[in-house]
Amino acid sequence: MSNSINPIVWQEDCVLLVDQTLLPLAYKVVEIKTYQAMAEAIRTMIVRGAPAIGVSAAYGLYLGAKEIQTTDRTIFLEKLEAIAATLRQTRPTAVNLFWAIDRVMATVQGATGNIPELQNLILNTAKAIHNEDLATCQAIGDQGLAVLPETPEKLTILTHCNAGGLATAGYGTALGVIRSAWRENRLGMVYADETRPRLQGSKLTTWECVQEGIPVTQICDNMAAHCMQQGRIDAVVVGADRITANGDAANKIGTYSLAIVAKAHNVPFFVAAPLSTVDFSLSDGKQIPIEERDPKEVYQIGDTRICPEGVQFYNPAFDVTPAHLITAIITEKGAVAPDQLIHLKG
């Protein structure tokens, strides 16, 4: 299957990003020419999804590096680290952000050459991360086919948030598995949770499915249990923003509830993510930093306030699904039980 969704494109001296805050009502591509603009694009979720954030941050490092005016290597690296620090501060939960920045920084720090050569090395490393992520997502999709239920012949798969081409370099993780199932004629229907409060399932996942003719049914988040009780769902496949060494997985808020419901109804629950999303330095999910976002996301829809003044709000962007609720974690190297994840390290 060709990759028809390209949320990130490198074009000579800038990065082109699909503005995901406008979908599905408008399709707009924005030019990102500075690292400050890239940091803002990540923070405001013009670009979102852990792998896509990582790719974007790598390009952001280059956008900053090419503006550094010095011939002194030490000064160059100091200024580059300051740029990296700005990018690291944008979103705390998605580990791919830190993984990509650390990879670029380690590559540059270990290299020789003059400043233009180091700048070019940063760009080439960012391009490599970009290309590798697309190949990785396609591999995740194919690995997922091996663990999906054998019956029925055509599956109904429920997914949460958006772990598709828009959240990666293309193709997607959870939606990558779904795309591969569609390609192999194993998919009957996708059920997409709307995913409050930002509605990425409603706005983004359904949009991706429509673009490729994949049958999709949107439901409200609180309808998932009913759908499972009625036997409508054969499997749940979600993405992840950070997975710990023991297999706990942080994903968009509401994923944990979905996993509990799936367990109660004996519906297999899969997490699809690249190995770069696994943070082996953390032993369990209690150590994952959980981003809290603007309460406006909860009390407003568009520009319309939907609750009275005087109410307090709590808006965590992610929750952590314990490993014991996860049937398997699907990576580019294979699908394994959460407690076997350590065997894929390295």
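Glycine is treated like the rest: Cβ placed from N, Cα and C.
Substrate is bound by ARG48, GLY49, ALA50, GLN200, ASN251, LYS252 in Swiss-Prot, and the record lists one more residue there from ARG91, ARG103, ARG293, ARG305, which is ARG91. Looking only at Cα atoms, CYS161 (site 'Transition state stabilizer') sits nearest to LYS252 among the binding-site residues ARG48, ARG91, LYS252.
Excluding ARG48, GLY49, ALA50, ARG91, GLN200, ASN251, LYS252, which define the substrate site, the same chain contributes ILE53, ALA94, CYS161, ASN162, ALA163, ALA167, GLY239, ASP241, ALA317, PHE318 within 8 Å (Cβ to the Cβ centroid), listed in sequence order. Cβ neighbours within 10 Å of CYS161 (site 'Transition state stabilizer'), excluding its own Cβ and spanning all shown chains: 28. A simple way to gauge crowding: the CB of ALA50 (substrate binding site) has 29 other CB atoms within 10 angstroms, across all the protein chains here.
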